[in-house]
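These features come from TrEMBL:
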- 1-12: compositional bias 'Low complexity' (COMPBIAS)
- 1-36: region 'Disordered' (REGION)
- 21-36: compositional bias 'Low complexity' (COMPBIAS)
- 100-221: domain 'MI' (DOMAIN)
- 264-385: domain 'MI' (DOMAIN)
- 399-521: domain 'MI' (DOMAIN)
- 568-689: domain 'MI' (DOMAIN)
Amino acid sequence: MESNNQQQQQHQELVESKPDPLSISQLNISSSSPLPQVNMAEELLKSHRHSLSPNDGLPSKETWGESLDVVDVDFTDPNYDTIEGNGHSDPTSFDADLCEYKKKATIIVEEYFSTNDVVSVANELKELGMAEYRYYFVKKLVSMAMDRHDKEKEMAAFLLSTLYADVIDPPEVYRGFNKLVTSADDLSVDIPDAVDVLAVFVARAIVDDILPPAFLKKQMNLLPDDSKGVEVLRKAEKSYLAAPLHAEVVEKRWGGADNWTAEDVKGRINELLKEYVMSGDKKEAFRCIKGLKVPFFHHEIVKRALIMAMERRKAQEKLLELLKEATEVGLINSTQVTKGFSRIIDLIEDLSLDIPEARSVLQCFISKAASEGWLCASSLKTLSTDSGEKLLENSKANVFKDKVKSIVREYFLSGDALEVVHCLETELGACSSSQLRAIFVKYLITLAMDRKKREKEMACVLLSSLDFPAKDVRKAFSMLIESADDTALDNPVVVEDLAMFLARAVVDEVLAPRDLDELLSQPGSSVGEKVIQTAKTLLKARLSGERILRCWGGGGVETNSPGCTASEVKEKIQVLLEEYVSGGDLGEACRCVKELGMPFFHHEVVKKSVVRIIEEQEKKERVWKLLKVCFESGLVTIYQMTKGFKRVGESVEDLCLDVPDAAEKFKSCVERAKVEGFLDESFAVEEETQGVKEKSSSSSAAT
């Protein structure tokens, strides 16, 4: 067995030592011996003909099903180099660096399989640097695990999921799997079941959201049809990812992870703090803290100890004494103490909902710790003494929080958005507090992020239907971004999740693009900034609107179809209106609206109908009849009706370019809609529309 492993190791090193085809342009070809060099170049091109795509190894992160296009590589960019695309201009330097990296990466993997210490691997990779070579670490980790027991395979999959994004950048993970699939033929020489094992690794990476599903098809197009790599990809797709309950099957293929998750560590921290409060035994508490073996996570101990001290007044002295001594003996370092206090400051508004005096109590803790010398108060954020004018009375907000959770969970079961609207009207009453609306949106998205695509799509549909003011939705996202660091401890893909929700809110016109800049200008965490930047990147992509609209399947809540893009739906609406106005059947028009399967997009029907009324006065009665029937039958709700009229109001300035008196006509439409009962009496034409009207009138007079 040992000799086989040595042979395999030598074989792998030989494969790895082959130059990348992209580096051929940098080979020094001697004029004295042209034939061997030409033959070498031809052989390299032949053996790697499938990896000459400019997209090789450069994926854009995919989220929850729909693929985003691979980012194109600009080969004219001076920052791009042909040797592995890693910015090396000197082949000798590149070979030496990669050779050194290979040796150290192999040692790191061997030690990890022996110690199962994830933190150590993360630290060693960071110290090693050379982030551009981490694709090799991915390849080495998986290839070594493939020839070992299920325990090592599970450990390898767990490690990749843990290091993803934080230590190993997504493009490097993508590139590592690209290299693995490409070398499947070589791996099969020494590992009889290489195709099956590698297929499970690929499927597991997709289930763990560290590889995009589009990886399968993109790599199939690059590989020869008769290669083992294609077999791997087909097996991953058809045997594992297409199977019922595939996620659970793939995750348990190697017995599940024995490693502690963040949730496990939090549970153990809670237990040790509770036991300490009951027994008062510091030595045992210290032993338990050491036994966790997560020094980078000690800020969670500080945070939970402080929260427990706020909740249990009698235990305050014990818990603060524990933190003080743990800091003095070096068990918890000063950086972790500061981070723990900082996290409490970031959460103080939410804590105040459950613990009314949390702000003043925390201020006392900070003063006490600073005076005793185990906290540097100057490194903390300022903790204001008041909660600000926007904070509600704690008791009222606390009751509302509990009801929000119940409302959202019921909505995820029933899919009844109208019931949610009714419940909110009942709960908010006449106050219509901006803070309460923000709390609702925050909990809606927070609960959806912990669930599947269906609930994520439902959350977006509901948010679009509620018609909350943009400032309230912006406030909710601000709260979510502020707490992104804490959320990341439970949800490793919080950046991708929250960024997609943020981008979807812009596409659904719940938020304006400028709201992202306003959120970015507010002080926040590094994770929060990454969320906003990721959302902006998603929105800049080609055809971003359609892609984001379908990120969780599209089609709304009431259909299981994959849904249509925004442009497709708008085109269908335009066609059905044209057919109806030209003499079509009213019942057929209503049926077509219903069959769109996107009730949250019915405001577009209203918008296009009102625009047609403004543009074609002679056919307005027929269109008014359609709006009336759709409204009275419940096909178009008053919320969608109101939203449609608002959309027209926002575009009146553009309409005035073709219809000079569009502002006046729109105002007449609003008044008639109120008479017909389509709009609430409180609906008012926006000031901007009035301004357009005045501007148009003055322009006409001048003419």
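Yeah, the Cβs are placed from backbone N, Cα and C, and that goes for glycine too.
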Report the DSSP secondary-structure composition of the domain 'MI' (399-521) as helix, strand and coil residue counts.
-> 101 helix, 0 strand, 22 coil
Summarise the domain 'MI' (264-385) by DSSP state, stating how many residues are helix, strand and coil.
-> 98 helix, 0 strand, 24 coil
How do the residues of the domain 'MI' (568-689) split into helix, strand and coil according to DSSP?
-> 94 helix, 0 strand, 28 coil
